[in-house]
Each structure stands twice: as structure tokens, then as C-alpha cells.
Amino acid sequence: MNQLSWNLHSFRHLLKHCIAERDFLTGRSLHTLYIKSLVPPSAYLSNHFILLYSKCHRLLLAARRAFDLTPNPNVFSFNAIIAAYAKESQMMVARQLFDRIPAPDLMGPAFSLFVGMHDMGLDMDGFTLSAVVTACGDDVSLMRQLHSFAVSSGLDSYVSPSNALLTYYSKNGYLNEAKRMFDEMGEARDEVSWNSMIVAYGQHREGLRALELFQEMIRKGMYVDMYTLASVLTAFTCLSDLVGGLQFHAKLVKTGFHQNSHVGSGLIDLYSKCKGAMSDCEKVFQEIKEPDLVYFVCAISACSNLSSPSQGKQMHGLVIKSEIPSNWISVDNALIATYSKCGNLGDARRLFKRMPEHNTVSLNSMIAGYAQHGLGEESLALFQEMLDNDIPATSITFISILSACAHTGKVHEGQTYFNMMKEKFGLEPEAEHYSCMIDLLGRAGKISEAEKLIVTMPFSPGSVGWASLLGACRKHGNMEIAVKAAYQFLQHEPANAAPYVVLSNMFVRAGRLEDMVAIRKLMRDRGVKKNPGCSWIELNRRTHVFVAEDSSHPMIKETRDYLDEMLLKIRKVGYVLEVNQVSLKEDGMEEKEMEMRLRHHNEKLAVAFGLISTKDGEPILVVKNLRICGDCHNAIKHISKITKREITVRDTRRFHYFKEGQCSCEDYW
């Protein structure tokens, strides 16, 4: 770190200390150095001087001078100065400043005005409280205070603030509180209340309950609008019920709602996430009469769910040509996520750097992109930038950060960030955060610590937590804990093939053939079938799918011949088939048969087809519906070196970027 960076770091730290301790004299000295340009100017520092003076008693004029000297005041600048005027009951000036905010973030100024009105004894109604609740952002503790105020003042009897509280709870992950609000409203509930609750159930993957509420709405003869219908589509999506969604789509066509952009967004989301055809998405897209910003964002996100790089680029081009500005932050955020999920991290990074401004979603998208591609250092550096600039982290941010730590073996850092959630940001870790921590400890071989964490969680870990522990046991060969994890996994999802398959293969490797036969019999008796592995590659806007033992592809012979030839070449440079990677071996399967099945694994076939169908030197992207197997991972490393090609494989966990015989995961996945 150079001297200037060190000085800036010290200066920032000292300034924050002055604000925390209300140290006006030291703060004023720092401000003098700043004004004399002895410290490089920045909006970040200017904003903190406004904050310093506004928090020190009777220094409103100094705070205003600091604000006026800020060359390009941003939303944070306005929030700080408005809060200062509201604190001194100067509501007229606060209101004038509020009206000057460019693209305002309403939380700070709205709450400041609310506090000022309360302190001055001005009358407030349900609509006033609703506006402030809506502006609460991620500050759950503030919202709970407002809820208490609503109850004590009797404003909770109004439907408007109750709806605002219900919506806030559901959006921020507090489903039980949302249910309680909905039930307590009783007959006062209106269409907004019902719709908010349907959305809440959909967001929390309780699709059946959402559909039950919708049917109850219909029975009561309540008015159904585009938001209600879009929420029902979300319910079908979270249930992965493509058939039910198709039937509902037919009803929408009869009523004409399918041409509405909001409903159309829900249809595109349904088809993209429930393995519908790309042609269905395109048809919905073409039928929308008046596309809006929300619709564009949803359509772009659909391209990432379909792993379609070409469709994502087309959507980007369409946005640029449309009347919707391409620099709208929500559109850019969706494009960043799409490019990242389609393996094009370079374009995602370039777009991120070109954006005129970033919000929490922008940073979350880029942090997640780095994590998915195995660039843990870049993820953590961007997160540190968020902290340095006082940009609030969310639960989603920490999922990406903990995932980045898990994929790069940063155990200590992961534990630090996990503790930071509650201590610094007041965020209660949820199931996904615990799952990331279990994964982090398990990958690092700390199986006992991972098991201890899972049994001491404040709530049930569900199948996701046990799946993470089972995966760690498979990686490190811990049979004892694997049996426990698989049993718990099956308690939650008895029809899921994964625990049966993992245990069966682990039993084979441990020589416990009787146990293997027993687990496979249990699987058969319950009618559980293993999902067939498949891989696909998009070339010239066509998707080519490869499934094990499937010969339907028109170029399967040429693909297999090329693959066999390539396997002979890489064997000469050290590649050895890992026969123990054959999943769920058949009883009595001969070594040769196992070797043949392994040679023609679907990801190898997709890579081989990509190599013979593209020009020399052209990179290829393959997508897989399961975790990449160890043998294929080893083979593709060698193939990338022999062919001098860049090969990217996206499995269910992350991206594997193969180049010159190495993988971006460094064999840690």
C-alpha cells in the first residue's frame, strides 16, 4: 500500500471516529486539511463532513456550508443535510431540499420529515405512515419501531399502513410476521392485502398456499388485476408446475391479460425457469403490446435462466434500440446477471464499469458473478468497496460472499463475514447462509465442525443444509457422517435421488456391497429414479443437448469418434480414466462396460461436439444439469491443453474455466 493510500485510509478512519464521538474540534481540523486540498476530494469525504456537523449540537450552519461546498451532492449528501434540518424542526427548508434530490432514495429524507412532523405535534394519518414504511429500505429495526408506533397510535386500524407493513415483512423475508398481519386485518383486508399475501407465499416458495388464496379471492368475488395474475404465475413458477402454468396461460389469453407487460413478465419467468421452450418465451415477448422497464428486466433475466448467450446479447441490443435508456440501473443490473450466468464475465465487468451509478443490486450481481466464476479475491475486494463506501449489504450479498469463500477455501474469512451479518448489519442468518457455512467447512475437510453447526442451527436446516454436509462427506470419504446426513436429507425429500446415489457410490468405494444393495433396493421400492445427466451447448442460436446412452443427435457418430480420438491423445500425456466415478453402478457391471459409459459422459460429448463445430481457437461454453464429475473435469483439463482451447463448463454449482490444462477452480469444487 503506497503512502497516499495509507494516508487516505487513516484520514477516513479518523473522520469516522470524530463523527462517532461527536469530536467537533478534531473534525474541523480535518475539514481544514480537506478544504486546502491536502487530501484528495471525494463525495464520500464531503458527505461525512456534512454528517459530522449535523450530529454535533447547534452546528447546522456548518453542516449547510459543508453541503454547499460539495461539488456534486448525491442522495447521501441530501439525506444527511435534510436530517439535520428536520432535527432542528426547520421543516420548510427540509422540504425544499427534498424536492431538489436527483433520483431520490426516499428512505432518509422521508423518515427525517416524519420525525420532524411527530416532534412538532403535527397530525399524521395512515397514508403518512404508509409512505414512511415503504421507504424503510433494509432497516428492519426501524420498521419494527414504526410498527410499534402504528399500534400505539391506533394507525394500525387503517388498511393502508397495514398493507404497507404486510408488504414490507414479505419482501424482507419475514413470512410469519406477514401472515400475522394478514390474519389480524380480518375483514378490513382489500385486494392489495390479498395480493401482497399471494406474492409473499410465492416469494417464499409456498406456491400451493398462494394458489389457495387466489382461489379464495375468486370465490369471494374480489377484483383481480394484473398484479394478482402475475403473482399466481410466480406461484406456478416456484412449484415448477409447467402444466398448471400452461393451463393458466390459456385462461389469460381468453381474457386478453397475456398482452399486459406485467403478466407477460410472469409468463416469461415461468417458461424460462420451468424448462419451457425458448419459442414460448419468444411468443410471449412478441405479444406484449407496450413493453415497459419491468418487462425488459424480466425478459433479460429469462435469458440467463435459459443459459442463452445469444438471446442475452439480442436483448441488450433491443434495449439499446428501444426508448428505454440502456443506462437505467435496473436494466443494467439484469444484463450484468445475464452475462455472468451465461459465462461472459468479461462483458458483465465492462458493463458494470461503464454504469454511471451503482446500487446494492448492481454490486450484489457483480459479487455473485465473480463468486460463480471462482474469482473469490475479486468478490471480496468488491465487498470491501461496499463497506468503505457505506453501501448497505443485504442477505443476498452475504450468500455470494460466503459462497466465494467456500469455493476458494477461505475458512477464517467466511467465519468473519458470517458473524459480521448480525453484528454489523443486524441481519439474521437464514438457511442459505448456514448452508454456505456448512459447505465452506465441509469443503475444507472440517466435517465435524460442519456437523456441529448444522445441529446447533436455530431452525431446521432442511434438505439444503443436509445436502451440503452429504456433499462434503462424499468429497472427503466420511462414511459415518454421510449416513447420518443422507438419512436426514431423506426425511425432508424422500423422492430425491441424490442421497441414494451418493450413499450407493460411497458404499461401493468402501467395499460395503451389502449396504449398497440395501440402499438401491430402498430406492427401487420407493419408485425413486435418478435424474439423467445431460449437457448442452448453444451454437449459431441452436441448442444441442447430449444425454448419456442417447444416440438421437444427428452428429453423434462424428462426435463420439472425435472424442475417442481425443481420449487416446490425452492418455499419452497422463490422463487415466477414473472408473469409480461411474454413478450408481449396475450389479455385476464389467470393467469394460464401466469404462465405455465413463468415456462417453454427456459433458465430454458436448465438449467434443463444440470443438468439431467451431473454428480453431474459438472458446466454447457447455452447461450441465448436475455437478461435473471428477473424471470429466480431469479429461477436459487435458483436452484444453491438447487443443489450445478455452473451455467453460457451467454446472449446478459454479463455472469451471479450463485453459492450458488448468481449471479456474484449482481442483477445489
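From the backbone N, Cα and C atoms, a Cβ is placed for every residue, glycine too.
Feature annotations, courtesy of TrEMBL:
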DOMAIN    574-669  domain 'DYW'
REPEAT    190-224  repeat 'PPR'
REPEAT    359-393  repeat 'PPR'
REPEAT    496-530  repeat 'PPR'
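Sorting each residue of the repeat 'PPR' (496-530) by its DSSP state yields 26 helix, 0 strand, 9 coil.
Across the repeat 'PPR' (190-224), DSSP classifies residues as 26 helix, 0 strand, 9 coil.
Residues in the repeat 'PPR' (359-393) partition by DSSP class (helix H, G, I; strand E, B; coil) as 26 helix, 0 strand, 9 coil. Summarising model confidence by region, the repeat 'PPR' (190-224) averages a pLDDT of 83.
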